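Input: a single structure, listed below in structure tokens.
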Amino acid sequence: MMLRSIKSLATSPSSHILRRGYASEAVPDRKVAVLGAAGGIGQPLALLMKLNPLVSSLALYDIANTPGVAADVSHINTRSEVSGYSGEAELGKALEGADVVIIPAGVPRKPGMTRDDLFNINAGIVKGLCQAIAKYCPHALVNMISNPVNSTVPIAAEVFKKAGTYDPKRLFGVTTLDVVRAKTFYAGKAKVPVAEVNVPVVGGHAGITILPLFSQATPKANLSDAEITALTKRTQDGGTEVVEAKAGKGSATLSMAYAGAIFADACLKGLNGAPDVVECSYVQSTITELPFFASKISLMKKGSLLCEGSLMLCTFIRCSTLVRLGKNGVEEVLGLGPLSDYEKEGLEKLKPELQSSIEKGIKFANQ
């Protein structure tokens with residue numbers, strides 16, 4: 001776990017850190033680029049990635065104010081060397097040689113805004129950044145945080161297709177925050193240690209498209225239908241809860257940075273050959289008839305993209321799913337598993353909205 005890595009980093013000699021989890025083998029050099037590093041998510045995310053012992057080079061990019069963030073973070077006595085880049089003229093330098101690119105760039109949500117309200121601004125930002133990724137680091141694993149993720153991931157896919165660099169195993173919508181919230185809320189209601197909780201979250205990354213599968217949660221708890229419904233609603237509205245609590249002063253930046261760092265850590269472990277790295281992510285799959293969908297994916301060693309599921313009505317699907325990660329990105333997209341009647345109903349309800357968001361992103365990218 002990344003936080004265990006951080007603890008090791010703070011308390012152990014660097015020689016131990018570089019070997020952590022890999023016996024006597026040195027940890028490979030890995031460059032991580034954060035695009036939007038001076039923003040509300042980008043700054044704490046930059047800090048967390050600086051604390052990750054798997055990162056050897058940390059490139060921080062934004063349109064302005066990046067040198068200060070880079071200077072601040074660079075003083076932390078951890079393995080990675082930090083470089084700051086500002087403005088479009090320096091974007092290529094930030095991206096060259098990157099193994100993982102994390103994109104939190106864009107404007108945050110404000111009270112009364114939906115993720116779709118962010119679309120026109122953030123879609124253009126994402127499109128431009130992905131064009132640069134296709135040029136300077138076409139083989140990097142791309143972690144999309146910029147909202148609305150349901151649309152920005154399809155935008156990225158279309159940009160990469162046009163550039164001839166698209167690899168569905170290397171493009172991820174980061175839905176980890178939905179999982180983090182589901183675990184936290186479930187643990188509180190079930191009165192179990194949160195560190196022991198596992199809850200898969202599938203679908204998309206906005207409102208009703210977020211579908212936590214509490215029927216598959218562990219440890220098992222005897223929760224009522226009303227409690228499951230309330231937990232589902234709170235998980236779906238988690239972002240709004242934070243926006244309203246901050247009273248117009250910001251959105252879910254700190255928890256999103258934490259979730260982004262957790263997923264990036266999983267990608268780095270997969271690239272380095274760690275076994276059985278499984279996370280939920282919004283990727284191309286054949287789990288449902290939608291072209292993008294979030295579920296479990298497996299990230300470990302080399303392998304082709306596999307997908308389990310029976311609802312193959314389109315040529316490809318994107319959704320939030322469980323994935324296994326590996327040296328080439330997604331090794332395997334895992335199935336949804338058994339669903340309760342309530343979850344089956346939720347799955348059917350989310351499909352039209354998710355499909356609409358996907359189509360919106362594809363249309364924008366092809367304008």
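Placed from the backbone N, Cα and C atoms, the Cβ positions cover glycine too.
Values in this document were obtained by computation on a predicted structure and should not be read as measured data.
Among the features that TrEMBL reports, domain 'Lactate/malate dehydrogenase N-terminal' is placed at 31-173. According to TrEMBL, the feature NAD(+) binding site maps to GLY36, ALA37, ALA38, GLY39, GLY40, ILE41, GLY42, ASP62, ASN122, ILE145, SER146, ASN147, MET256. If you look up TrEMBL, you'll see ARG109, ARG115, ASN147, ARG181 marked as substrate binding site. The domain 'Lactate/malate dehydrogenase C-terminal' annotation in TrEMBL covers 175-364. The active site, proton acceptor annotation in TrEMBL covers HIS205.
Features per TrEMBL, on structure.
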residue : record                 : Cβ contacts under 8 Å, 6 or more apart
GLY36   : NAD(+) binding site    : GLY42, TYR61, ASP62, ILE103, PRO104, ALA105, GLY106, SER146
ALA38   : NAD(+) binding site    : LEU60, ASP62, ALA64, ASN65, THR66, GLY68, VAL69
GLY40   : NAD(+) binding site    : PRO108, GLY250, SER251, THR253
ASN122  : NAD(+) binding site    : ALA105, GLY106, VAL107, SER146, ASN147, PRO148, THR152
ARG181  : substrate binding site : ARG234, THR235, GLY238, SER255
MET256  : NAD(+) binding site    : ILE41, LEU45, PRO104, ILE145, LEU177
_Could you give me three numbers for the domain 'Lactate/malate dehydrogenase N-terminal' (31-173), the DSSP helix, strand and coil residue counts?_
66 helix, 28 strand, 49 coil
*Taking the Cβ of ASN147 (substrate binding site) as the centre, how many other Cβ atoms fall within a 10 Å radius?*
28
